[in-house]
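A.B. asks: The structure's right below; bear with me while I get my questions together.
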Amino acid sequence: MSTDVAKTLERIEADKVKFVRLQFSDIQGLPKNVAIPAWQAEKALTEGISFDGSSIEGFARIEESDMVLKPDTSTYSLLPWRANECPVARFICDVYMPDGTPFEGDPRHILRKVLAEAKEMGYTFNTGPELEFFLFKLDEEGMPTIVPQDKGGYFDLAPTDLAEDVRSEIVLALTDMGFEIEASHHEVAESQHEIDFKYGDALKTADNVITFKYATKSIALQNGLNATFMAKPKFGINGSGMHVNASLFKDGENVFYDPEAPLQLSEVALHFIAGVLEHAKSITRVANPTINSYKRLVPGYEAPVYVSWSAQNRTALVRVPSPRGKSTRMELRSPDPTCNPYLTFAAILAAGMDGIKKQLVPPAGVNQNIFEMTEDERNRSHIDTLPGDLMTANRHLLEDTLICDTLGAHVIDGLNSIAQMEWDSFRTAVHPWEIEQYLTRF
Ligand code: ADP
Ligand code: MG
Ligand code: MG
Ligand code: MG
Ligand code: MG
């Protein structure tokens with residue numbers, strides 16, 4: 001037994017843990033878990049625990065369904081919102097085939113692979129995702145509604161911001177779980193919130209995104225509310241985004257920063273941004289994976305629609321926020337919190353590295369409000385448009401060899417069939433809008 005395993009077992013004992021949850025995520029980034037009694041932890045940590053992968057979305061076919069979960073000991077954490085019951089701990093796991101090779105459909109493995117490629121070039125990839133979400137009331141039967149819990153607005157204080165207590169509870173729980181919370185505030189729309197945590201290595205922050213959603217949903221429910229990370233729950237008000245701040249470090253230094261360069265942005269930063277813009281349309285399929293995601297990517301709500309970058313304005317797809325030095329970063333504003341963070345970070349990094357390898361140069365930054373430009377003006381500035389729906393985005397992904405190779409055939413096939421299925425079901429459904437428009441008119 002390694003000292004790492006021995007230390008982890010000691011902690012499990014010291015924390016009086018009764019159950020251990022072994023967590024991983026499916027291709028859509030939805031968390032799955034099996035619980036084992038604490039006495040099984042040693043087996044889990046040394047040999048791994050077998051499970052049937054055939055029932056997991058985008059995982060194995062029936063005939064190759066045996067898979068093994070191996071806990072990543074660095075992800076050990078108690079679940080603080082279950083403190084009143086017997087202590088429960090969780091690990092985030094890597095998924096292996098019975099022969100000991102990593103499972104190629106495990107999103108965490110795919111991100112690990114791209115991070116290793118970056119490491120070969122000397123780079124560490126840091127991400128800082130900003131998750132927005134809504135807190136909605138439950139009805140008498142305890143079912144979720146879209147009735148807002150408050151009427152607060154951006155940065156409002158109580159009493160308009162009724163969610164303050166729930167938000168603090170979430171912040172405290174996440175802090176207990178090792179998050180460094182930088183800020184938490186009411187967002188623009190009523191009942192919409194944002195909690196920001198400190199950026200870090202992309203694997204860790206991808207894990208954090210999963211934990212963040214799990215904790216937020218659990219604590220909201222304990223308070224009689226439903227937390228939703230759906231991209232656009234309501235027409236006419238802001239949707240929820242998950243801006244991804246990203247930078248590359250080498251030997252502990254931020255290589256996006258160059259105090260001598262124009263805008264103090266290094267060549268590497270510009271190549272990276274150019275790569276992300278080059279692959280923006282296919283990244284959209286990954287970063288905006290639901291039918292509903294595309295109802296957020298419309299003009300007028302701070303969400304991006306056009307492929308451009310800017311060091312100033314928030315209508316651009318890629319913004320370079322003003323801080324420099326260690327905080328120099330690009331912010332991709334398209335992703336929403338329904339995305340699988342592992343696959344999204346993998347796609348962004350692969351695109352950025354492609355830009356670096358090919359020394360791509362981004363077009364001139366667009367510093368005016370793009371929504372106020374005419375189509376002609378946009379064409380003259382070569383500003384392309386993001387895909388307007390899931391199927392269009394899916395087509396772009398299938399045509400993008402780099403991103404397809406990065407995610408691998410298994411995941412691409414899975415994403416493709418999910419898109420086809422959802423699109424078909426959406427395409428053939430009769431929506432309230434149609435009833436409203438046609439029922440009496442015809
Ligand atoms: P915004 O102005 O877009 O609302 P926030 O302050 O809400 O920005 O979030 C900024 C995020 O960027 C935080 O999660 C922060 O930790 C992260 N961040 C800061 N520096 C870096 C960096 N060098 N690389 C990646 N992310 C970073
Ligand atoms: Mg923010
Ligand atoms: Mg902020
Ligand atoms: Mg925000
Ligand atoms: Mg932001």
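Easy rule for this one: first residue shown is 1, then count along the chain.
Backbone N, Cα and C define each Cβ position, glycine as well.
All TrEMBL annotations are machine predictions without curation.
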A.B. asks: If I go by TrEMBL, which of R167, R333, R378, R380 binds L-glutamate at the same site as N238, G239, R296, E302, R314?
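C.D. replies: TrEMBL names R333 for this L-glutamate site.
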A.B. asks: Which candidate from E140, E187 does TrEMBL annotate alongside E130, E132, E194, H243, E331 at the Mg(2+) binding site?
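C.D. replies: That Mg(2+) site, as TrEMBL gives it, pairs E130, E132, E194, H243, E331 with E187.
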A.B. asks: Out of H243, R333, which of the binding-site residues is least crowded by other Cβ atoms within 10 Å?
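C.D. replies: Comparing Cβ neighbour counts within 10 Å for the binding-site residues H243, R333 gives R333.
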A.B. asks: May I ask for the distance between R296 (L-glutamate binding site) and F197 (ATP binding site), taken between their Cα atoms and rounded to an integer number of Å?
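C.D. replies: Cα of R296 (L-glutamate binding site) to Cα of F197 (ATP binding site) measures 23 Å after rounding.
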A.B. asks: Quick test of your reading of the structure: among the binding-site residues E187, F197, N238, R296, E302, whose CB sits under 6 A from ligand 5?
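C.D. replies: Qualifying residues: none.
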A.B. asks: Taking ligand 1 as the reference and 6 angstroms as the Cβ limit (strictly under), which binding-site residues among E130, E132, K198, Y199, E302, R314 are close?
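C.D. replies: Checked binding-site residues vs ligand 1; flagged E130, K198, Y199.
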A.B. asks: Which of the binding-site residues E132, E194, Y199, E331 have a Cβ less than 6 Å from any atom of ligand 4?
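C.D. replies: Within range of ligand 4: E132, E194.
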A.B. asks: A 10 Å Cβ contact count, applied to the binding-site residues E130, E187, E194, E302, E331: which residue has the minimum?
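C.D. replies: Among the binding-site residues E130, E187, E194, E302, E331, the lowest count of other Cβ atoms within 10 Å belongs to E302.
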